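Take a look at the structure below.
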Amino acid sequence: MIKGVEGEITEISGNEVTLKAGQFYLNILCSTNTIKELSLSAKVHLLTYLSFSADRAPEIYGFKDRAEYNVFLMLLKANKIGPKMALKILSATSPEMLQKMIASKDISGLSRLPGLGKKTAERLVSELYDLVKDYAVEFPKELSDVSEDAVGALTALGFDMTSAKLAVNEVLKEQTVENTQELVRKALRKLNKTR
């Protein structure tokens, strides 16, 4: 198996790059996260996954970031998730956020990702939870009622559960808040910065 390739980027098109490695030109499929970090003529090292299938030519998947590579491999452990679907999922969110969604059992947030419906999201949680449970987002005990109300308000505004929990936790770590309204307002500022 090819664990990685090193060479010069000669073309970027959609989610595919062409990399010149010695005398070879390799077409490598990448997530949007990896594509954003690449530029033409740049010399790069990509971690790779080689996929074989009876009904199509071999495909190489490339990752600039080890965390994304590891989450890609983790996704392949789930039933009915192939490399193309795993790449599509990783193109829609960060590896860290995906792990937090699975660990927090955020079915709603997961099912909003492209290609994932409610059943697939539930399957991901049931099959991969043990691998990511340390990433679960929890609230400090003393403010859990206010925090839960704030998360409820943020999800009603259209934010996914995991993003809402992360924003609320960040606010609570940085400063004290008087009530739910103040917490929602400050969390909204954080969420709007990341959009």
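Each residue, glycine too, has its Cβ placed from N, Cα and C.
Database features (Swiss-Prot):
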type: REGION; residues: 1-64; note: region 'Domain I'
type: REGION; residues: 65-137; note: region 'Domain II'
type: REGION; residues: 137-141; note: region 'Flexible linker'
type: REGION; residues: 142-195; note: region 'Domain III'
The region 'Domain II' (65-137) [mean pLDDT, rounded to integer]: 90
Per DSSP, how many helix, strand and coil residues does the region 'Domain II' (65-137) have? 53 helix, 0 strand, 20 coil
Residue counts (helix, strand, coil, in that order) that DSSP gives for the region 'Domain I' (1-64): 5 helix, 42 strand, 17 coil
Secondary structure split (DSSP) over the region 'Domain III' (142-195) reads 44 helix, 0 strand, 10 coil
